[in-house]
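Before any comments, here is the structure.
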């Protein structure tokens, strides 16, 4: 063995920098934005990322002789400049598929965004995008139902779904919570939602909430003749408790449940998605904690990666920001990951932040959810940006109506239907937004009051995380 094995430390680029490599269709491809320490060559930084996220360690080890390192190692095959940023660069790395457990997003992320992010040779590291090969996609369950099945279940066609989060999000008793749900649904909303941080607190235990919400949903359905629903948050302390809540929602004949997929974790999320698929339940996904991970432009994980991972792990709806509301997200970037939630094939398009072609095959799509600081004046822009296969959720923009939640719901429903009608008639709804809404308000006092209430409310702040394009 001593004749074959050279102990010691060698540069990462000697093994993991392979610019001559042509990625295979079965490779998982990743794009990292790297910012190395001063004096460390780009090739060494990029190769270190490839090594530490695949087979490498800081020293040569004798046990490399027991496997085929050339087959299993990650390979950095390309380096690119980041437009407008002289200290950072893009490293493109190819990973052989056998490095990952089939269908396990947890395992993929453990490798790609694990210890390598604490590597001292790096000042910053950000996972910008992943190309999942079809051979991996076919091992994932994906959305439990998908867009088409969800529309059939809810009997909603030709427009976005309309919803809201119940406010105040914390502090209501179960009975009062149910009353607010009822007011919103009878006013014209399709769906209402638990806030992401309501689980089972002393002021309102989960079982009490589920029962009062179910009563409210059924009463609103009887009065309106429409299918209604409420996202019952099943996120819990343990997986066992999560499944107990999901089972009870099914017993109550509720159509949809909810999970906080980042705080709850991908293992729990995939398990819950599999349960929903077997039990005919829709699954709404909230992204609480995402901004801790994705907002810094040089370090962390871009949300487009988290969105792709969610589509594979499983969910029928996912929050994506609003572009026009109170939360971070520019238009082109948001459209980029909406494409990856809904389309069967998404081409490389740097203007939308997509670094790779992504073929999703026959995997069902996910509804994009716009929620956060939106009101009736935003309706034309939201419809133009998100299209029909989306869910528009107005929390404060429903409950803040001077006449109450039912009137706020009615105002949003009238505004949405007016915008859809105008779009279908060929009008440019963003340019003509004021005229469209004011015309509709002539026949809806609820909308007229809403337009007056929120006419001065805007969230005009510069985007922190911008696309790296010139």
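Numbering starts at 1 and runs along the chain as displayed.
Just so it is clear, glycine is given a Cβ too, placed from its N, Cα and C backbone atoms.
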Same-site substrate binder from 287, 295, 342, 350, given that Swiss-Prot records 115, 165, 169, 319, 371: 287
Maximal Cα-Cα distance (Å) across residues annotated as binding substrate, namely 115, 165, 169, 287, 319, 371: 37
Listed in sequence order, residues not in 193, 195, 196 with Cβ within 8 Å of the centre of the Mg(2+) site Cβ atoms: 165, 166, 169, 194, 197, 198, 231, 233, 258, 286
Rounded to the nearest Å - Cα separation of residue 371 (substrate binding site) and residue 286 (active site, proton acceptor): 10
Pairwise CA distance, residue 196 (Mg(2+) binding site) versus residue 169 (substrate binding site), rounded so that it is a whole Å: 9
Binding-site residues listed as 195, 196, least Cβ neighbours within 10 Å: 195
Cα-to-Cα gap, residue 165 (substrate binding site) vs residue 193 (N6-carboxylysine), nearest whole Å: 5
In three-state DSSP terms, the structure that residue 115 (substrate binding site) belongs to: helix
Among 193, 287, 319, the most crowded of the recorded positions [Cβ within 10 Å]: 193
